[in-house]
There are 2 protein chains.
Amino acid sequence: MTSNLRIDGSRLWATIHETAQFGPGQAGGVNRLTLSPADGQVRDWFRRACEVAGLTVSTDDLGTQYALRRGRDASAKPVAFGSHLDTQPTGGRFDGILGVLAGLEVMRTLDEAGIETEAPLLLINWTNEEGSRFAPAMMASAVYAGDYTTDEILARRDAAGVTVAEALQAIGSVGEERVGARAFGAFVELHIEQGPILEAEETAIGVVEGGQGIAWFDGSITGFESHAGTTPMTRRRDALLGFSEFCLAAERIALAHGPSAVATIGEATIAAPSRNVVPGGVAFTLDLRDPRSETLDAIESELRGSLDEIAGGRKLTSEFKRIWRKEPVPFDSAIVGAVARATEALGLTSRRMISGAGHDACNVAMKAPTSMIFVPCRDGVSHNESEWASEGDCTAGANVLLQTVMALANRATDETGAAG
Amino acid sequence: MTSNLRIDGSRLWATIHETAQFGPGQAGGVNRLTLSPADGQVRDWFRRACEVAGLTVSTDDLGTQYALRRGRDASAKPVAFGSHLDTQPTGGRFDGILGVLAGLEVMRTLDEAGIETEAPLLLINWTNEEGSRFAPAMMASAVYAGDYTTDEILARRDAAGVTVAEALQAIGSVGEERVGARAFGAFVELHIEQGPILEAEETAIGVVEGGQGIAWFDGSITGFESHAGTTPMTRRRDALLGFSEFCLAAERIALAHGPSAVATIGEATIAAPSRNVVPGGVAFTLDLRDPRSETLDAIESELRGSLDEIAGGRKLTSEFKRIWRKEPVPFDSAIVGAVARATEALGLTSRRMISGAGHDACNVAMKAPTSMIFVPCRDGVSHNESEWASEGDCTAGANVLLQTVMALANRATDETGAAG
């Protein structure tokens, strides 16, 4: 019974820490910016490890690595899975990495058990998910989704002026396959949650139903600079006080649309700040997310109304401009269902959830039936060298991945699998 | 009847604009940093103008200029008045300047009318009121008050490393008199309000009863940085939201102690600000002023209580440290009364008020009976090239100064003057 098959958790755990040697951080994490020499090292290591596991590795023209495991039906679209091996400059050992190395562990497990699936399996290491060296983030999967052309991406430059094309050549990662040339029967990405929910609820697995929609805004509030000693409280046009009201209004509005809606003011700057001057201006950003497009609309409208009201009440003026919006990404119900069934069959606790962060899977979902598997991370912390996930949680997530991809690859022939 | 005597408003107005040639600003204001070559030029001009008006000019070891007009009683302590001729780098034509030049106009008026007062009159141009080149502000009057020694001040350096002593020598302003060697019978300073109250209430004269007490604080609020997309609103420890609550609490607390109390948060910085990160820390300053010492105490205590409560409610930590406090300065009731009577006799509208800003008079009040006369300024704006006061308001203020100093100088012999 393939449903009894389990990955080797201690081997997966050792592999995770083995690859942390490529681009070691200063505080136990990983510094492996995309297409850096360290990224080149981990890519070489990954290619060899895949070949040892009997996989055929190819690379596309943006450096994305594909490791193929043949199926009985060579004409079937492969069931794809994976994530990314690049990190933030002060990143952790798990973000992205877990999804790729758990995929490798799945391949190793199937190889050792001598199990052949109906459809082929395809393990992917997407180039530049993080976006901290080259923009945009989720670069290769964005080309896969059709949001950019390969040529547009190859011309992007890092802060030192190096293009993506030059960086790919420098580490010998230019392949011949075109991004997007390969169709997937499904895509499944295992990832740490990067949030606190699973840990707080002591739940092993997040069955991910989609990615949130995101809207970014730039705002400003303008009042009148005046002397902190000579301007009575009742005669002030204090931009910071208007901004403070708006921060609290944004929190109230997001809570009223809860539990999924989140609104964050992450940057705020007083114009010409001085200890004894009433602030005359504040510039700020606002990040708004929700899984429902109409809720994003409603919240944006309420935020605008609230800002107008606050500014009017304090004789301030305001601007609030939407600079970017990404629509919510619903994942495919059949793939979500496959993840849920695999989790249940393994006897693991789970909850349905929405990804608050962007992932390669959110791009792939534009072209192929997709879902994600989340596992808890300590304190919800990621993009930080202290990022951590337990061996048990990593093992559980990899077993869900194993059972999910086996079920998806055998869908047509396996009587326990439901069609999508 | 000396009570019918009036200054020449158009001559005063012309003199104000004549001296704006020394250190002209770029936008119609004045750039005359203390002890700069431009300050040297206006000092030379001032000395000559005083000598033409029959005054004896001397200079102290910090460059402060004293122009003496003899009285009938050479042994009486002089009635002193004046202000400062230095400006901010982008200062206006009135701040400080009006008080000195109105004093000159008073001397000219008395000279032309051939009037001799009982006590001598002493017009003063204090060195470095502004403090924008050398700290502390109100430098020479602070030595007069005994807060610093002359030697301490002479050693102070500007941003280029030049000492006060060197700067004094460079413009030939080193005198032989010691600051503080001369006792005053009274001190009266005419100044623009630097606030919006008189203009808003259409009142000609502010009769100033004292200077506010000031307390400065440095504070910080610490939460936990987390991902803007993956951290539910209910699980955040957002330092900016706690800070926003505190800003509004500080406003409420100051208003509750109104109308004099003012609390200003003029600087605030998010630690490691990022568009998609929940703020983990905010550092800020708070400037608190009130004319009553016990109110400063009460507000500080309420601010601390409020900050603790806000931090507790949001699982944040906070610090709030007082870094400076200057006690309130009550002016002398006899001198305040003399200003009020002069204003009334001139038929001018007036209101009692407290100075929100620091002035040389606040220092002098530590050693001599003191008051101030405020006149309105446009939009309450000062320390700005657009600073403006009307010719009519300047004339009214100078007439109040004239009548006040005449009454004070003739106190002992004038049946209409009340003793202090």
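Here the Cβ of each residue, glycine as well, is placed from N, Cα and C on the backbone.
Automatic, uncurated: that is what TrEMBL annotation is.
Taking Cβ-Cβ distances under 8 Å and a sequence gap of 6 or more within the same chain, the neighbours of B:ASP95 (Zn(2+) 1 binding site) are B:THR87, B:GLN88, B:HIS191, B:ILE192, B:GLN194, B:SER382, B:HIS383, B:GLU387. According to TrEMBL, the Zn(2+) 1 binding site annotation covers B:HIS84, B:ASP95, B:HIS191.
Taking Cβ-Cβ distances under 8 Å and a sequence gap of 6 or more within the same chain, the neighbours of B:GLU130 (Zn(2+) 2 binding site) are B:LEU33, B:THR34, B:HIS84, B:ASP86, B:THR87, B:GLN88, B:GLY91, B:GLY96, B:ALA137. Annotation comment: TrEMBL describes B:ASP95, B:GLU130, B:HIS383 as Zn(2+) 2 binding site.
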Other than B:ASP95, B:GLU130, B:HIS383, which residues of the chain come within 8 Å of the Zn(2+) 2 site, judged by Cβ distance to the Cβ centroid of those residues?
B:THR87, B:GLN88, B:GLY91, B:GLY92, B:GLY96, B:GLU129, B:SER132, B:SER382
Over all shown protein chains, what is the count of other CB atoms within 10 A of the CB belonging to B:HIS383 (Zn(2+) 2 binding site)?
20
Cβ-centroid neighbourhood (8 Å) of the Zn(2+) 1 site, B:HIS84, B:ASP95, B:HIS191 excluded:
B:SER83, B:PHE94, B:GLY96, B:ILE97, B:LEU98, B:GLY99, B:GLU129, B:GLU189, B:ILE192, B:HIS359
Which of the three DSSP-derived classes (helix, strand, coil) applies to B:HIS191 (Zn(2+) 1 binding site)?
strand
